[in-house]
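> Please find one structure pasted underneath; my questions will follow.
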Amino acid sequence: MRLIPLKDTAQVGKWAARHIVQRINAFKPTAERPFVLGLPTGGTPLEAYKHLIAMHKAGEVSFKHVVTFNMDEYVGLPQEHPESYHTFMYRNFFDHVDIPSENINLLNGNAPDVDAECRQYEAKIKSYGKINLFMGGVGIDGHIAFNEPASSLASRTRIKTLTEDTRIANSRFFGGDVSLVPKFALTVGVGTLLDAEEVMILVTGHAKAQALEAAVEGNINHMWTISCLQLHAKAVVVCDEPSTMELKVKTVKYFRELEAESVKSL
């Protein structure tokens, strides 16, 4: 595992965006051989999306031959709802870059048969071989995507019941009213994430410190699904200073020395 300890949220977003651009450009994608990118929603990746848009506008990257798969979507929330993840992605990223609409894959939380929707999503991912890079965030309780505590580490895309803690955390997007937050979501599984060639998780804020500790220094444990990163051959965790507060000083020092070159010019 790589741990990239940075100063603040702005640096986390910049490092993540720069890493994605480097990966896309090194891959040299074409229409026949696109780069497959997994994407999250929520507050954490917003800085990364801002930097990706800026780098695209500066001519440093094109998304013309990039195919995206999003992590999750609420069940029962209309697609046009301001807090649907469909709306979020277009508002904060897709509308500002040159990605063709046919290359965008989002789970349909209003599908008449959600189980079939999840199976088709998995099949479409497999049709591209694999996801080259999956970017994600983490919840206070250590969940990645909507793989809540006690999710199977072999799980695939499916419907999940959201915990009360997750709904309370997400109520900030619904005017603070928990009753407006959907109780169910479709989400890629832990196994789906582990199948990606590379997984990059962004961790920001002191509230995520316990989750980061579980990911880096804890045991592999389905109660902290982020700990599954320890099983991945190419996992990258990009974090800000407040989120490292539960890590041992020597752990942060070790990774800071290892990654000194990669964080230059941020």
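From the backbone N, Cα and C atoms, a Cβ is placed for every residue, glycine too.
The active site, proton acceptor annotation in Swiss-Prot covers Asp72, His143. Marked as active site, for ring-opening step by Swiss-Prot: Asp141, Glu148. Swiss-Prot lists Ser151, Arg158, Lys160, Thr161, Tyr254 with the feature site 'Part of the allosteric site', giving sequence analysis as the kind of evidence.
Mind running through what each feature is packed against?
When other Cβ atoms within 10 Å of the Cβ of Asp72 (active site, proton acceptor) are tallied across all protein chains shown, the result is 23.
All protein chains shown were included, and the count of other CB atoms within 10 Å of the CB of Asp141 (active site, for ring-opening step) stands at 19.
For His143 (active site, proton acceptor), the count of additional Cβ atoms within 10 Å of its Cβ stands at 25 [all protein chains shown].
Non-local contacts of Glu148 (active site, for ring-opening step) by the CB criterion (under 8 A, 6+ apart in sequence, same chain) comprise Asp141, Lys160, Thr161, Leu162, Thr163, Thr166, Thr225.
All chains included, 22 other C-beta atoms sit within 10 angstroms of the C-beta of Ser151 (site 'Part of the allosteric site').
Non-local contacts of Arg158 (site 'Part of the allosteric site') by the CB criterion (under 8 A, 6+ apart in sequence, same chain) comprise Asp115, Cys118, Leu186, Thr187, Gly189.
Annotation note: Lys160 (site 'Part of the allosteric site') sits in a strand segment as assigned by DSSP. Around the Cβ of Lys160 (site 'Part of the allosteric site'), 22 further Cβ atoms fall within 10 Å across all displayed protein chains.
In the three-state DSSP classification, Tyr254 (site 'Part of the allosteric site') falls within a helix.
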> How big is the gap, in Å, between the Cα of His143 (active site, proton acceptor) and that of Ser151 (site 'Part of the allosteric site'), rounded to a whole number?
9
> What's the CA-CA gap between Ser151 (site 'Part of the allosteric site') and Asp72 (active site, proton acceptor) in angstrom, rounded?
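A Cα-Cα distance of 15 Å.
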> I need the CA-to-CA distance for Asp72 (active site, proton acceptor) versus Tyr254 (site 'Part of the allosteric site'), whole Å please.
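That separation, Cα to Cα, works out to 34 Å.
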> Given a separation of at least six residues and a C-beta threshold under 8 Å, show me what packs close to Tyr254 (site 'Part of the allosteric site') in the same chain.
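Set apart from Tyr254 (site 'Part of the allosteric site') by at least 6 residues yet with Cβ under 8 Å, there are none.
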